[in-house]
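Copied over from Swiss-Prot, here are the features:
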BINDING   His30, His82, His205, His263  Zn(2+) binding site
Amino acid sequence: MASSRLLDWMSRMRSVPQLERLIPALYLAHGSPFLMLPQSSDDEVFSNDSKLGGLHYQFLEQLGPFLLEKFRPKGIIVFSAHYESRGSVEVYSRDDENPLFYDYYGFPDYLYQIKFHSKGSKRIADQIISALKEYQIPAKTVSGDRGLDHGVFVPFKIMFPDGLNIPLIEVSMHTLDPMQLYKVGQALQSLRKEYLIVSGGLNIHTFEDLSAFNEDTAADGYKEFQLDILKAIETDKQNDRLNKLLGLQLHPYFRKAHPREEHFVPLYVAAGLGSSGKSKVVCDLYGAVSAFFGIDE
């Protein structure tokens, strides 16, 4: 079952057409620090699929090399559910090593010793700022030692275990409003000529109902919500797709799955980035949906 599911995901990825004009944008289920915990750990909230060596881990292992080989990006731009700002979009700007921000608590010590090597790029950061300002979206570069949060370095450590030799730039979400984030994505579409743009979150993220994280214990409403997400993503026509994606916030289980929507709305950045093309779900694992947007038609 597990191996056939992984083969299915790989088949979906390989079916994405070879790059012609723009690199597809990726909506990525970034997972949690539990991806670094062994399946034998005592935790009963998260299934083994969400832990070290589980199905989500295996998907990320396969995804990283695929992205670099298929699209050969000159850099990676990433939005994370864990990087919010107020008033304007923040673009992390530096040329040296990206530090890491261990923004999780109560985990074993070794999870605070994880290393992931990558460098930023002030030049690419400036390109992002220019593209956003062309759309009258307030934006500024920031520096300092905040570093990449775990919504970036946890999945990227699995995807690129030896680090990256192309620049990696993190960008904030300046709002949780779906249409504003969709417009942020649209503003950056031209950068897909050279760069892979990733928008990371989770389609289920609640600490008010821990049973929701595990498919074996989750109420049927969470599973129905995920099915509606999958259908919305793969809607063919751009306007219909956008309407269905926006309509997901009216689903009876939306607020149960997201008491606060910061982990859901990165989906709208990816949708805006790929608003001019097709979209394809490449991982339908429960609670860990990932998809490409902006596939050439």
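In case you wondered, yes, glycine gets a Cβ from its N, Cα and C as well.
DSSP assigns His30 (Zn(2+) binding site) to coil in the three-state reduction, outside any helix or strand. The Zn(2+) site is defined by His30, His82, His205, His263, and by the 8 Å test on Cβ atoms against their centroid, the other residues of the chain that qualify are Ser32, Ser80, Ala81, Gly151, Gly200, Gly201, Leu202, Glu262, Pro266.
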